[in-house]
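Peer 1: Okay, here's the structure, questions in a sec.
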Amino acid sequence: MSLEAIVFDRVAGKCSVKILDQLLLPYQTQYLPINSICDGYRAIKSMQVRGAPAIAIVGVLSVLVECQLLLQESFVKTQTFYDLTQLEKNFNERLDLLLSSRPTAVNLSNAITELRALISEDVKATYDSLFEYACNIIDNDYADNFTMGENGAKHLLEQLDEQNFEGDFGVLTICNTGSLATSGYGTALGVIRSLYARTRQGKEVSEPKKAKKYGSQMVRVFPLETRPYNQGSRLTAYELLHDEIPSTLITDSSISYLVSTSKIPIKAAFVGADRIVKNGDTANKIGTYQLSIICKHFGIKFYVVAPTTTFDANTETGDKIIVEERPPNEFRFVQGTLIDSANAAPVVNEYKIPLKASVGITPLDMPVWNPSFDITPYQHIDGIISEKGVFTKAEDGKFHLETQFQ
Ligand code: MRU
């Protein structure tokens, strides 16, 4: 099993990039090369790579490898789409294309704004700046994920401590927010990884006092399958199994019943974000809003986990966020891998490649509405966990994130 969504070989002047094709998971591990902005655009739009931080990283790397081509004399002689006398203009047009790939996640848009400032008419200088930027975006995302994980895990364990709660507890999560959606470790799933590391029995944890205290506690994860694209059942389940974190997959429609009947008390929901605007309203995978309503109803803490690269400094409130609508066929058909029910294994061809299948589940002429995201109002959010800390609401019932948006 591979949890490496993006493989970046960072030798300046000879970089290479490949991505794990997430449309084939969990049955097939196949990497695709990214050699140009067009490759990046296609991979992002088709959701071969997905998750706000991973989308931004692949976007940036696609610009870097395209610029690398311009350093090669043979390419420059044969290229048709670049006018090297108008490099800045050409690059900016290509960045517009990339930006149009997926509109809701702000990380790509934030990164593209920063990339535009690095482009000049000098190819070598542009390449050097892009190379440095690409290395930083990956390294910072990776480091921030661990910090967020620790921030979130500590916060919940302190809350449970204040309630004098002891024993095993459950957490909910939606979509995929782990290694596959980021440079590694993850956002909401990173918090869950840190919670597991701190609570699992018989393992060392970083703070000996807490080890004693939480040594008998265990977290159990309930990921939602996340219709219609099933990031929860395909990707989060894959990551949880990989890390051997105790977990049980549930359908999106089982949350209320689980919460009201579970023997293990459900204590929190951790979700990622595609865009957090100035008042704290948050765009995330479709179904997040309804999860927040259920959490509010049952008094379960609801946390958004995202690096500050997911904060949108230009938008005041969530109603201004553009919500991407995906093609109707992503809803009308279940895309999957053929499984032989007799031995519960994928059916493979002569090259041992699992066979893909597309199965219709609606009348084909039935109009459908397929928004990819929804907006959770800040009123439903108990805390926003970032690499800078855990932001909670003040006495006026509002988040005061002003300083995070500078
Ligand atoms: O449509 P997707 O799969 O790109 O949506 C992903 C999500 O909504 C994630 O929860 C979000 O991007 C946070 S990823 C760390």
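Just so it is clear, glycine is given a Cβ too, placed from its N, Cα and C backbone atoms.
Keep in mind the model is a prediction, meaning the values are calculated, not measured.
This is the feature table in TrEMBL:
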SITE      CYS175  site 'Transition state stabilizer'
ACT_SITE  ASP274  active site, proton donor
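For each feature listed, report its degree of burial, its nearest neighbours and the pertinent distances within the displayed model.
Peer 2: Here the Cβ of CYS175 (site 'Transition state stabilizer') has 29 other Cβ atoms within 10 Å, regardless of which shown protein chain they belong to.
In the three-state DSSP assignment, the secondary structure recorded for ASP274 (active site, proton donor) is coil. For ASP274 (active site, proton donor), the number of other Cβ atoms no farther than 10 Å from its own Cβ, over all displayed protein chains, is 30.
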Peer 1: At the Cα level, what's the spacing in Å between ASP274 (active site, proton donor) and CYS175 (site 'Transition state stabilizer'), rounded?
Peer 2: 11
Peer 1: Once the DSSP letters are reduced so that anything not helix or strand counts as coil, what is CYS175 (site 'Transition state stabilizer')?
Peer 2: coil
